[in-house]
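> Annotation comment: Swiss-Prot describes 43-70 as compositional bias 'Pro residues'. Among the features that Swiss-Prot reports, compositional bias 'Polar residues' is placed at 118-128. The disulfide bond annotation in Swiss-Prot covers CYS202-CYS233. Sequence annotations record features per position, and here Swiss-Prot assigns domain 'THD' to 145-281 based on sequence analysis. Residues or ranges marked as N-linked glycosylation site in Swiss-Prot: ASN184, ASN250, ASN260. Here Swiss-Prot flags 20-71, 118-142 as region 'Disordered'. Residues annotated as topological domain 'Cytoplasmic' in Swiss-Prot: 1-80. Marked as topological domain 'Extracellular' by Swiss-Prot on the basis of sequence analysis: 103-281. The transmembrane segment feature in Swiss-Prot is assigned to 81-102; the stated evidence is sequence analysis.
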Amino acid sequence: MQQPFNYPYPQIYWVDSSASSPWAPPGTVLPCPTSVPRRPGQRRPPPPPPPPPLPPPPPPPPLPPLPLPPLKKRGNHSTGLCLLVMFFMVLVALVGLGLGMFQLFHLQKELAELRESTSQMHTASSLEKQIGHPSPPPEKKELRKVAHLTGKSNSRSMPLEWEDTYGIVLLSGVKYKKGGLVINETGLYFVYSKVYFRGQSCNNLPLSHKVYMRNSKYPQDLVMMEGKMMSYCTTGQMWARSSYLGAVFNLTSADHLYVNVSELSLVNFEESQTFFGLYKL
C-alpha cells in the first residue's frame, strides 16, 4: 500500500503486542521513529504555530465586609446606661413614696395626739364647771390709742370744734374735750391735721393753720406745727387751697391738743376735707 508523502506530521506506527518479532521478545513495544527520512527535492513541512497565550487569571473575589464590633459595643453600652438611669429613677420614686408615707403617718399621729389633748382639756374644764371652780378671767386686750375727728359746720370760735359722734369719727383710748384731744398715756404719737380753705372771690388774705398744745406745766400754749399761705390765688376769682400738717411727738399724760386757723369764715368743714387726729406708735 502506498503512503502519501505530503502528510504534514510524522507517521506513527503501532505494534501489536500479540505478534511475534524476531528482534524482540513478545510483549515488547518498539519505539516509533521521530522522523521519516526526507527524499531529495522534498521540503520540510513548517513547524506548527505556537499555542495561543493563556488568558490572565481572573481577579480574586472581594472579601466580605467585616462586622463592626464597636457599634455593637456602643449599642450595648447605651442600652446598659438607659437601664441604669431607669433603675435610679425607679429608686428615687420609691424613696419619695416612702418619705411621703412616713410624713403622712407622722401627721396622722400628731393629729391624733392633738385631738386627744383637746378632748382631755375639754373634759377637765367641764369637770371644773361642774365642781364649781371658777375659770380664770380672760386677758384684757390693750386698747389702741387712736383718734380721728372731722370738721363741724357750727364751729364759730377758736380753737376749732370737731365732730366726735357722727360720721367717720374714731375715738379709742383718747378723750375729746372742748375742741381738744386729751392724752391719758405717755408715749410717741403721730399727730395730723388738714384744713380746706375756699372762697368765692380772692383777696389774698394771709392764711395760717397751726396745731398747739396746752399743759399745766407750761405757762402758755406751745405751737407744735404751723402752716402759712401768701399770694395763693388770683385776685377777684374763685379759689380753694388745702393745708396739711403731720409729725411725731413725745406726748405726756394730761396734754391737750388743739387746732387754730386765721380765717374761720374761709374753712370748708366737710368731713373728707377738714379733720384732726392722732394715733400712738
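Each residue, glycine too, has its Cβ placed from N, Cα and C.
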> If I take the Cα of CYS233 (disulfide bond) as reference, which of the glycosylation sites ASN184, ASN250, ASN260 has the closest Cα?
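Minimum Cα distance from CYS233 (disulfide bond) across ASN184, ASN250, ASN260 lands on ASN260.
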> Please identify, among the glycosylation sites ASN184, ASN250, ASN260, the one with the smallest Cα-Cα distance to CYS202 (disulfide bond).
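Nearest listed residue in space: ASN260.
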> Counting only residues 6+ away in sequence within the same chain, which have a CB under 8 Å from the CB of ASN250 (N-linked glycosylation site)?
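Long-range Cβ contacts: THR186, GLY187, LEU188, TYR189.
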> So for ASN260 (N-linked glycosylation site), how many other CB atoms are inside 10 Å of its CB?
19
> So how many of the residues in the domain 'THD' (145-281) end up helix, strand or coil by DSSP?
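Once the DSSP states are binned, the domain 'THD' (145-281) shows 3 helix, 73 strand, 61 coil.
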> Can you give me the same-chain residues 6 or more apart in sequence from ASN184 (N-linked glycosylation site) with a CB-CB distance under 8 Å?
GLY173, VAL174, LYS175, SER253, ALA254
> Output the one of CYS202, CYS233 that, of all these disulfide-bonded residues, has the highest number of other Cβ atoms within 10 Å of its Cβ.
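Its Cβ has the most other Cβ atoms within 10 Å: CYS233.
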